[in-house]
Amino acid sequence: MKNINTNIIALGWVSFFTDMASSMVTTLLPIFVVYVLHEGVDKLGVIIAIATFVSYSLRIVFGYLSDKYQIVKPFVVGGYLISAITKPLLMFTHSYASVALLRSVERMGKAVRSASKDSLISTYSEKSKAGKSFGFHKMMDVSGEMSGALIVVAVFYFTARNETFIRDIFGWTLIPGLIGVLIALFFVQDAPKVTKKSVVVAQKEDYKLLWILGSYFLFVFFLMSDQYFILQAKESGMTLFEIPLLVIVSTLTQALLSYYSGTLIDRIGSKVMLFIAYLFGIGSIISLGYGNVWAAFVLLGAFTVISLNAMRAYISKNALSQGFIYGIFYGGVAIFSALGALSIGEIWHQFSFHNAVLFSITGCSFVALVLFVSFWFKSPTA
């Protein structure tokens, strides 16, 4: 981790505390919605879809604004502040509609900051070491997630496991959330301003990236959300104490793989690593379908960290208008993840869990095959 810019390190700590708070919510949210609020799996799908769509679709807008008007740090700090304030309000919710509303506002905070944050990381990292920089940042992300899940486990162990406990944990997320905001405000420098009079928002060469982005969009459409993984773990008989341990296993996998997968991306190329990530994603669904929940979470963690590092590094190395292309990337993920969450939730609710698994495996396998075949026509080392 030598030679990583101090701004990237500071952003890593911002993400650490923010993702700690997020994990304290997401670890318990499916259980809270289905077993405390007594809503159906289809309603959980609606919450996931709306929150995901808001989180990712608005990144196109804020990515555009970041490039056009050179607004970087204000979007980063403001986005983290919105998320920090909104998460604790979940403790007061009593219906899936109120959960969906608050999750949408909280995810809007992520939309505000994400493209600008990635642009900052790109600005302060050498092009030849973009994978390393994003690998470090993702490592801090998942370390924060793991810490949040550990907090849930510890509190579960020492206190009563009931509705009040879950609501209290939602309230406690205010503390790490505000710590992250303060670090972003005082320890992260803004990106240097471009001296030329006009800032080009998108260039022709940028659109050559769309084929690889489209591959990823389709894969996340077919892949089951981690929230469904948590719900299936509960339905397979795991206790409320064991479920946060699954999240810890997944985030530990991401933490262990993140930095080194980033360096490997720099060596063998983003597209090869993306294909490897697809294989892990397919393996996670197969494992979940056969009831091997622990393996499913490990493989899902591997897919998540490798695919995200590969995509972010690919954009960093190849995009000319990075804020705009990051916005396109996150916007596409928004649309396809939201539609996928709705589709899988409806298939599960109307038919069965196993039908949802079959839908997911078939679609993901097709996308992986298309990417593999494309290696014969395009260089896989980019």
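Every residue gets a Cβ built from N, Cα and C, even glycine.
Just so it is clear, the model here is predicted, and its values are computed rather than measured.
Per TrEMBL, the feature domain 'Major facilitator superfamily (MFS) profile' maps to 1-381.
The transmembrane segment annotation in TrEMBL covers 20-37 (among others).
Taken from TrEMBL, the feature transmembrane segment covers 44-65 (among others). Sequence-distant neighbours of the transmembrane segment (44-65) (same chain, 6+ residues past either end, Cβ-Cβ under 8 Å): 29-30, 33-34, 71, 75, 96, 99-100, 103-104, 106-108, 110-116, 119, 201, 225, 227-228, 231, 323-335, 337-339, 341-342, 344-346, 348-349.
Within its own chain, the transmembrane segment (77-102) is flanked in space by residues 14, 18, 21-22, 25, 29, 32-33, 37, 39, 43-44, 46-47, 50-51, 108-114, 116-117, 167-168, 170-174, 177-178, 180-181, 184-185, which lie at least six positions past its ends and keep a Cβ under 8 Å from the stretch. Residues annotated as transmembrane segment in TrEMBL: 77-102 (among others).
Residues or ranges marked as transmembrane segment by TrEMBL: 139-157 (among others).
Taken from TrEMBL, the feature transmembrane segment covers 169-188 (among others). Residues 7, 10-11, 13-18, 20-22, 24-25, 28, 73, 76-77, 80-81, 83-85, 87-91, 120, 144, 148, 151-152, 155 of the same chain lie 6 or more positions beyond the ends of the transmembrane segment (169-188) yet place their CB under 8 Å from a CB of it.
Cβ atoms under 8 Å from those of the transmembrane segment (209-231) belong to residues 26-27, 29-31, 34, 41, 44, 48, 52, 243, 246-247, 250, 270-271, 274, 278, 281, 284-285, 288, 293, 296-297, 300, 303-304, 307, 311, 314-315, 318-319, 325, 328-329, 332-333, 335-337, 339-341, 343-345, 348, 356-357, 359-360, 362-364, 367-368, 370-371, 374, 378 of the same chain, restricted to positions at least 6 beyond its ends. The transmembrane segment annotation in TrEMBL covers 209-231 (among others).
Taking Cβ pairs closer than 8 Å, the transmembrane segment (243-260) reaches residues 1, 23, 26-28, 31, 132, 135-136, 138-139, 141-143, 145-146, 149-150, 152-153, 156, 226, 229-230, 233-234, 293-294, 297-298, 300-302, 304-306, 309 in its own chain, all 6 or more past its ends. Here TrEMBL flags 243-260 (among others) as transmembrane segment.
Under 8 Å from some Cβ of the transmembrane segment (272-288) lie the Cβ atoms of residues 212, 215-216, 219, 223-224, 229, 232, 261, 264-265, 295-300, 302-303, 306-307, 309-311, 314, 357, 360-361, 364-365, 367-368, 371-372, 375, 380-381, all in the same chain and six or more residues away from its ends. The transmembrane segment annotation in TrEMBL covers 272-288 (among others).
What TrEMBL lists as transmembrane segment is 294-311 (among others). Remote same-chain partners of the transmembrane segment (294-311), defined as residues 6 or more beyond its termini with a Cβ less than 8 Å from a stretch Cβ, comprise 131, 134-135, 138, 142, 212-213, 216, 219, 223, 226, 229, 233, 246-247, 249-254, 257-258, 261-262, 265, 270-271, 273-274, 276-278, 280-281, 283-285, 287-288, 329.
Counting residues 6+ beyond its ends, the transmembrane segment (323-344) has Cβ neighbours under 8 Å at 45-46, 48-50, 52-64, 66-67, 111, 114-116, 118-119, 201-202, 206, 209-210, 213-214, 216-218, 220-225, 228, 311-312, 315, 356, 359-360 in the same chain. Look at TrEMBL and you will find 323-344 (among others) tagged as transmembrane segment.
Outside the transmembrane segment (356-377), and at least 6 residues removed from its termini, the chain residues within Cβ reach (under 8 Å) are 211, 215, 218-219, 221-224, 228, 271-272, 274-275, 278-279, 281-282, 285-286, 288-289, 343-344, 347-348. Marked as transmembrane segment by TrEMBL: 356-377 (among others).
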